[in-house]
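Scroll down for the structure; my scribbles are underneath it.
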Amino acid sequence: MVSFPCCIQTPDSLTPSLPSHFLSMSTFSAKPTNVITSLHNHHKSIFSFPTCLPSLSKLQKASPVVAFNGARLQHKRRRTNPQTTLPTLPTSTFLQMGSQETSSETPFLVKSTGSESASTSSASQTVVGVLHLVVSLGIILAMDKFLKKAFVAASIKFPSALFGMFCIFSVLVILDSTVPAVATSLMNFFEPALLFIQRWLPLFYVPSLVVLPLSVKSIPAASGIKICFIIVGGWLVTLAVAGYTAIAVRRMVKTEMTDAEPMGKPSPFSNVEVWSWSGIFLISFVGALLSPTALGTSARTCLPFLLSSTVLGYIVGSGLPSDVKKVFHPIICCALSADLAAFAFGYFSKSGLDPVLGSYLTKVSSNPGAGDVLMGFLGSVILSFAFSMFKQRKLVKRHAAEIFTSVILSTIFSLYSTALVGRLVGLEPGLTVSILPRCITVALALSIVSLFEGTNPSLTAAVVVVTGLVGANFVQATLDKLQFRDPIARGIATASSAHGLGTAALSAKEPEALPFCAIAYALNGIFGSLLCSIPAVRQSLLAVVG
């Protein structure tokens, strides 16, 4: 098959002009020299070789399509001299050497083949992506589990996930200074797991809010009101302290703002996910009603429909209009959905609400509930902080003065002010100690209260979640009222006072504040844990509580 350039000058009804991509195609099976010579000798006025190849920029608009040897060619009309115009040639016999059926089927076959290959490629990419997520997330979960067992065996009270986070961050920093390509490869490898954690982060806070009716049942109403006062007032004052500290330090150091490293965004929820979780809920709910111990225990049997109801509530809440989410955060919708499912099951099974909620969060590794599964990811959240901090290491180094000073002061203020206000309002010492880490993320807050005796971990988790909800709903309006314009001040103030939920709410509308939120979010919990792990600090806090 040999290609040769030629252009055919014919009357207006027949003036083919080959496009540029056709000039390089092998489409003629006949010998070009014989064809050109015979045609040129027979119709010298029709075929003109020197002028038949205009510039490629003029060969743009296509007109009638004519099949030439089974290939579809596009022709362009051009005016010819009327004096040299010959009678119209029979195009159906002169240029249409291939069959019309062949020419019409060719693009169809190409299109079909392309569609099939594209779908196959998409399916293979999906499978590879799922495997990548499972492996990367599995490694983080396995690392967290191994560290927990090792710390328990060694009777170490320091949070194991926090130690793991320091180890991961140190390894990444060392690799970045010695073999940068390896550090980059590790970051890319764990990216799917980090996006998964970021996408479902609010779910890991929900279990404590779902079982809140059980947690507060033993708390007197007067004490509950005092706790609410401490939560709301403490959040507002902590936010102001962190924000004003960041502004003051920033004015002193006068460091110019630079762009942060781009943060990956998780994918939105799809209809397939909604229908899949809905199907799991219906099937498992009916199955649990028919056989309450089908999976061995009531907690395991209730796990599928309670977990799916929690996930569905979060998906639905995330899809609400932004105006609605200002007063009705997705995590509230999430907790209500799980509570409604528990209430419905307790009603139809005639077992009551409390036993179902007890099955939601058992805190027994051999008999886990839906809440235990979700809270099992809290350690991986702490480990993921190492990757976030490494990604923003340049930003941390550049604005270290503002970030560390604000986080340290706000953390100290939050712990000691909570202890002091609890004593002033006459809150029971055990309850006051339980709510000390109200501004620290759940995973580390639970580790902190475990260092004290006589605490209520369920109350701790619930107070942390409620603090986050208050911040998520009102943080933006409060920052505007306090005239915090600097993204550093806004990010640090939000994360220091409302941890993960406040961070998620602010960063959704102000992406420029997300890096500072993420850094302060991690450092706040880290410094609080380090501070409370010191015996002298614990004793001083207990002395303030009274």
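Every residue gets a Cβ built from N, Cα and C, even glycine.
Feature annotations, reproduced from TrEMBL:
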type     : residues : note
TRANSMEM : 150-175  : transmembrane segment
TRANSMEM : 195-215  : transmembrane segment
TRANSMEM : 227-247  : transmembrane segment
TRANSMEM : 274-295  : transmembrane segment
TRANSMEM : 302-321  : transmembrane segment
TRANSMEM : 369-391  : transmembrane segment
TRANSMEM : 403-421  : transmembrane segment
TRANSMEM : 433-452  : transmembrane segment
TRANSMEM : 458-475  : transmembrane segment
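Remark: the transmembrane segment (369-391) contacts the transmembrane segment (302-321), by the rule of 3 or more CB pairs under 8 A. Residues 157, 159, 161-162, 204-205, 208, 227, 230-231, 234-235, 238, 375, 378-379, 381-382, 410-411, 414-415, 418-419, 422, 459-461, 463-465, 467, 496-500, 521, 524-526, 528-529, 532-533, 538, 541-542, 545 of the same chain, all 6+ positions outside the transmembrane segment (433-452), place their C-beta atoms under 8 angstroms from a C-beta of that stretch. Sequence-remote contacts of a segment are chain residues at least 6 beyond its ends whose Cβ falls under 8 Å from one of its Cβ atoms, and for the transmembrane segment (195-215) they are 133, 137, 264-267, 310-311, 314, 330-331, 334-335, 338-339, 342, 353-354, 357-358, 360-361, 370-372, 374-375, 377-378, 380-381, 384, 442-443, 456, 458-459, 461-462, 464-466, 468, 500-501, 504. Among the listed stretches 150-175, 227-247, 274-295, 458-475, the one sharing the most Cβ pairs under 8 Å with the transmembrane segment (302-321) is 274-295. Contact between the transmembrane segment (403-421) and the transmembrane segment (227-247) holds: at least three of their C-beta pairs are under 8 Å, each pair 6 or more apart in sequence. For the transmembrane segment (458-475), same-chain residues at least 6 beyond its ends with a Cβ under 8 Å from one of its own Cβ atoms are 205-209, 211-212, 214-216, 219, 227, 231-232, 234-235, 239, 326-327, 329, 331-332, 431, 434-435, 437-442, 445-446, 449, 494, 497-502, 504-506.
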